[in-house]
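Asks: Quick one: the structure is below, questions incoming.
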Amino acid sequence: ISVNPHKRLGHLDDFLRYCDDLDRAEDELLPPHVYRIARAAFTALVRTGKSQSILVSGDSGAGKTEACKLVVACLARLAPSGRAGATEAALGGALMLEAREFVEAWGNATTTQNKNSSRFGKWLAVELDAESAIHRCSLQPYLLERSRVVVHGPGERSYHVFYQM
Ligand SMILES: Nc1ncnc2c1ncn2[C@@H]1O[C@H](COP(=O)(O)OP(=O)(O)OP(=O)(O)O)[C@@H](O)[C@H]1O
């Protein structure tokens with residue numbers, strides 16, 4: 001269970017430093033946190049070679065979109081560590097986050113529940129190479145609320161991009 005803090009907590013570096021002090025076998029010693037979920041998926045993928053999935057669900061405004069960004073930020077920091085190609089991998093993670101801002105312009109809108117509500121579902125894939133560095137990221141949108149382009153409720157808006165232009 002993840003609770004929307006409604007403020008930047010910003011302690012990824014502290015968390016990763018804390019993780020570094022622990023043996024990798026001791027995932028269960030980590031505090032409950034979205035970073036712990038991301039790290040557990042990463043270590044399981046590296047250990048087993050099998051794909052891992054993280055399903056984020058909840059009410060509008062619960063913090064799903066922000067939680068996903070934190071997962072990607074955490075993977076981007078974990079994946080390249082100490083390997084050749086680290087710069088490219090870190091860049092891939094950063095680009096993924098930047099790309100999401102762009103996608104949000106076209107698929108997010110202000111609603112009564114959330115001023116940056118995602119009006120589509122998304123399948124985000126992060127692929128690692130044999131060196132456990134980020135190889136490729138992709139984002140597949142689906143079920144976009146297309147009717148919002150022409151009509152929306154009182155106090156709501158159409159997609160951000162129309163106001164940004
Ligand atoms: N981890 C977080 N740190 C700081 N602020 C957050 C965090 N999670 C959510 N918020 C705040 O809450 C707002 C709503 O969160 P978010 O857009 O992630 O919700 P959501 O569950 O994706 O909603 P929707 O289903 O409507 O898209 C964000 O715009 C942000 O202001």
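Every residue, even glycine, has its Cβ placed from backbone N, Cα and C.
So TrEMBL lists these for the protein:
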BINDING   GLY58, ASP59, SER60, GLY61, ALA62, GLY63, LYS64, THR65  ATP binding site
DOMAIN    1-165  domain 'Myosin motor'
Asks: Which one of these binding-site residues has the most other Cβ atoms within 10 Å of its own Cβ: SER60, THR65?
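Replies: Of SER60, THR65, the one with the most crowded Cβ is THR65.
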Asks: Considering every residue in the domain 'Myosin motor' (1-165), what is the mean pLDDT value?
Replies: 84
Asks: Do you know which of the binding-site residues ASP59, ALA62, LYS64 end up with C-beta under 6 Å from ligand 1?
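Replies: Result: ALA62, LYS64.
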Asks: Can you list the residues of the same chain, besides GLY58, ASP59, SER60, GLY61, ALA62, GLY63, LYS64, THR65, whose Cβ falls within 8 Å of the ATP site's Cβ centroid?
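Replies: After dropping the recorded site residues, what remains is ASN4, ASN114.
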Asks: Tell me whether GLY58 (ATP binding site) sits in a helix, a strand or coil according to DSSP.
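Replies: Going by the DSSP assignment, GLY58 (ATP binding site) belongs to neither helix nor strand, so it counts as coil.
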Asks: Under a criterion of Cβ-Cβ distance under 8 Å and sequence separation of at least 6, what residues of the same chain contact ALA62 (ATP binding site)?
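Replies: Non-local contacts for ALA62 (ATP binding site): SER2, ASN4.
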Asks: Which residue among the binding-site residues GLY58, LYS64 has the fewest other Cβ atoms within 10 Å of its Cβ, if you could check?
Replies: GLY58
Asks: Around ASP59 (ATP binding site), how many other CB atoms lie within 10 A of its CB?
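Replies: There are 10 of them.
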Asks: Could you list the residues of the same chain, at least six apart in sequence, whose Cβ is under 8 A from the Cβ of GLY63 (ATP binding site)?
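Replies: For GLY63 (ATP binding site), the qualifying residues are SER2, VAL3, ASN4, PRO5.
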Asks: For GLY61 (ATP binding site), what is the tally of other C-beta atoms lying within 10 angstroms of its C-beta?
Replies: 16
Asks: Which state, by DSSP, holds GLY63 (ATP binding site): helix, strand or coil?
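Replies: DSSP call for GLY63 (ATP binding site): coil, neither helix nor strand.
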